[in-house]
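Contents: one structure, followed by commentary.
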Amino acid sequence: MGSFGSLLDGFGTALSPLNLMWAALGVLLGTAIGVLPGIGPAMAVALLLPVTYGLDPTAAFIMFAGIYYGGMFGGSTTSILLNTPGESAAVIAAIEGNPMAKSGRGSQALAAAAIGHFAGGMIGTVLLVLLAPTVAKLAVDIGAPDYFAIMVLAFVAVTSVLGASRVRGFASLLIGLTLGLVGLDQMTGQQRLTFGSLQLADGIDVVIVAVGLFAIGEALWVAAHLRRGSGTAVPVGRPWLGRAELRRTWKPWLRGPLIGFPFGAIPAGGAEIPTFLSYVTEKRLSRHRKEFGKGAIEGVAGPESAASASAAGTLVAMLTLGLPTTAVAAVMLAAFQQYGIQPGPLLFEREPDLVWGLIASLFIGMVMLLVLNLPLAPVWARLLRIPRPYLYAGILFFAAVGAYAVGGEPVDVVILLLIGLVGLMMRRYGLPVLPAIIGAILGPAAEQQLRRALQISDGSLTGLVNTPFSVTVYGVMALLLAWPLLRRLRR
Amino acid sequence: MTGPLRRRLPAAGGVLGALRARSELGVCALLLGVGALVLTDALTMDSVASTRGPVGPRTVPVVVGTALLVVAVALAVDVLRGGRGDAEGGEDVDLDEPGDWRTVALLVGVLLAFAALIEPLGFPLAGALLFWGAAFALGSRQHALGRDPLIAAALSLVTYTVFNTLLGVPLPGGPLTEVL
């Protein structure tokens, strides 16, 4: 059992006092960020990208993963108590969780959500341990055409699976690709879109793009529509579950990961679709179908478990193929780039300490999160009382610091602001943000792989489809693109 | 195709009302402009730079620029047909209220001031001004002279210390730290 031995080594890395501290810091920050409105895990990781200048990669990724999982735990607390979910993945938790809280069963809803996240995260991470090395081994000798195919798949998937409008998805992707073009061409040194400026010759740092789109764009958008006198949270006691509830929740907890994990691993937008599917499944299977919509505990337990498992699935795609399927994964990929590490099949061979330390820390972080959230959820809910001006002023503050820290140039703050205004416009007119960030991060890499592949084939376009792997990927892509047409035909 | 649509637009609002209802066309204009910019930049590139391999530095920008133009037109068609991008919701977002663009303009001003002041004033002072100004713009008036400046100063000093000592990313100290 190669991966079991590696996992044990990983626990050795993750259990060092310093890394334990980073994991604890990550889950604390993650839970706080999940509870806080208006700030999601993707924005949080983006704002923390400057730590990559001072931390070693293992510590940074252990912290980022803690934020990712912690954000999910905390997010459901807000949905259940406040009924205004900010993240799409937490929408489902509000449907059943908030009626439960209003009818005095908030503690049960919080417990069902927290244990659901724990179960989903644990099962998902076990699947990650079992599957990731196999996927990496299968993909280990993929070449330039295959990488290019995967990246194009990511572009197609984020634009056509997510969101209501494909045109708007593509517009967003192209904005991202344009941002990625700025700077010196990696292969020839030719200046592109620099307008003779030395500052732009280095390209626009991904930190500035990510922070601008996620943090500045979001803060400005909220500022334009700030809710005066925000809703009050339903007061609750300590989360707990009685025997009758346990009987109703254990099956949804175990079913959730089966739906969540595969959906996390494919580029279908992370937790949004699997939480919905899990909800529908639980509704169909439940013996208390009439309670759905009025506070059925199965409708909290299943989707929350699916959400955390999908996060583990996301990590499979990111670590083994370098394919980001969610916004958080995209920003984590940017962090890998900051370190000059290329996630992909070779990662498991080249950086075993990092990968297995990260995976082991997921198990540890999950236990920490359960301990933090099960008894302390009411304490976390107090964070909701933070005055909104401080919250959004703080986001702008850290965003500006991060942009300045990239190169010590005040002009970077101005570029950050411009990208933030683009992010504001995108939110105003319903352009999804995820395609832009994936375009900016993957665009330059995709171009390089394309040119490398065509160099090998001496310019012949067949060089892009001469491996079984790339043909398969293009087949999947064709299916994705044809899906809405097929559905229309059937009607 | 635009013929019957034009008649459907509100007559009372005149040109201004019609423009406001179709303000999403501004996004198309932006995409069109960026597309033209990317294409011009790509096509005016001097080809002296040695082209390694069959795909030079021009190809991808040409593809992206053309795609931008196509998407701009497609989006314009969608908007004129009555398609609309839904504004994004959120926990603190109240879409029933009209947009408060004055606050946004103030925040933009605060960020620009930060960019201009960080080198002459140093980070601790400029950062504190950034937080205080942003909180003020966002509606924190009650404590604008009491609690807010204290929070701003504390946040700024702690961040300055963390970046300088823990992360090893020097932020400018400015005249304030030189005196101390």
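Just so it is clear, glycine is given a Cβ too, placed from its N, Cα and C backbone atoms.
Keep in mind that this is a model prediction, so the values were computed, not measured.
Annotation source TrEMBL lists domain 'DUF112' at A:20-438.
The annotation transmembrane segment is assigned in TrEMBL to A:20-49 (among others).
Residues or ranges marked as transmembrane segment by TrEMBL: A:61-82 (among others). Among residues of the same chain six or more beyond the transmembrane segment (A:61-82), those with a C-beta under 8 A of the stretch's C-beta atoms are 14, 19, 22-37, 40-41, 44-45, 48, 51, 55, 89-91, 93-94, 97-98, 100-101, 106, 109-110, 113-114, 117, 121, 231-234, 236, 271, 300, 304, 307-308, 311, 315, 328, 332, 335, 354, 357-358, 361-362, 365-366, 368-369, 372-373, 377, 380-381, 384.
Here TrEMBL flags A:109-132 (among others) as transmembrane segment. Distant neighbours of the transmembrane segment (A:109-132): 3, 7, 69, 72-73, 76-77, 80-81, 93, 96-97, 100-101, 236, 239-241, 245, 249, 252-254, 256-257, 260-261, 264, 295, 297, 300-313, 315-316, 319-320, 348, 359, 362-363, 366, 369-370, 373-374, 377; these residues of the same chain sit at least 6 beyond its ends, with a Cβ under 8 Å from one of its Cβ atoms.
Annotation comment: TrEMBL describes A:144-164 (among others) as transmembrane segment.
For A:170-188 (among others), the entry in TrEMBL reads transmembrane segment.
Residues annotated as transmembrane segment in TrEMBL: A:200-224 (among others).
Same-chain residues lying 6 or more positions outside the transmembrane segment (A:258-280) and placing a CB less than 8 Å from one of its CB atoms are 72, 88-89, 91-93, 95, 120, 123-124, 127, 153-154, 157-158, 161-162, 252, 299, 302-317, 323, 325-328, 434. Annotation source TrEMBL lists transmembrane segment at A:258-280 (among others).
Annotated transmembrane segment per TrEMBL: A:315-336 (among others), in sequence order. Among residues of the same chain six or more beyond the transmembrane segment (A:315-336), those with a C-beta under 8 A of the stretch's C-beta atoms are 40-42, 45-46, 49, 52, 57, 60-61, 64-65, 68, 71, 127-128, 131-132, 135-136, 139, 147, 150-151, 153-154, 157, 206-207, 210, 214, 264-271, 342-345, 347-348, 355, 358, 362, 433-434, 437-438, 441-442.
What TrEMBL records for A:356-377 (among others) is transmembrane segment. With a cut-off of 8 Å between Cβ atoms, the residues of this chain six or more beyond the transmembrane segment (A:356-377) that come close are 6-7, 9-11, 13-15, 19-20, 23-24, 26-28, 30-31, 58, 61-62, 65-66, 69-70, 73-74, 77, 110-111, 114-115, 117-118, 121-122, 125, 128-129, 132, 236, 238-239, 312, 315, 319.
Annotation source TrEMBL lists transmembrane segment at A:389-407 (among others).
TrEMBL lists A:413-442 (among others) with the feature transmembrane segment.
Residues annotated as transmembrane segment in TrEMBL: A:463-486 (among others). When Cβ-Cβ distances below 8 Å are used as the criterion, the transmembrane segment (A:463-486) is approached by residues 139, 142-143, 145-146, 148-150, 152-153, 156-157, 160-161, 450, 453-454, 456-457 of the same chain, each at least six residues removed from its ends.
Only residues 6 or more beyond the boundaries of the transmembrane segment (A:413-442), in the same chain, are considered here, and those with a CB under 8 A from a CB of the stretch are 151, 154-155, 158-159, 162-165, 168-177, 179-180, 204, 206, 208-221, 224, 269, 324, 326-327, 330-331, 333-334, 337, 399-400, 403-404. For the transmembrane segment (A:170-188), the partner stretch with the highest count of Cβ pairs under 8 angstroms, out of A:20-49, A:144-164, A:200-224, is A:200-224.
Residues of the same chain lying 6 or more positions beyond the ends of the transmembrane segment (A:200-224) and with a Cβ under 8 Å from any Cβ of it are 38-40, 42-43, 46-47, 49-50, 176, 179-180, 182-184, 191, 193-194, 327, 330-331, 334, 337-338, 392, 395-396, 398-399, 402-403, 406-407, 412, 415-424, 426-428, 433, 436-437, 440-441, 444.
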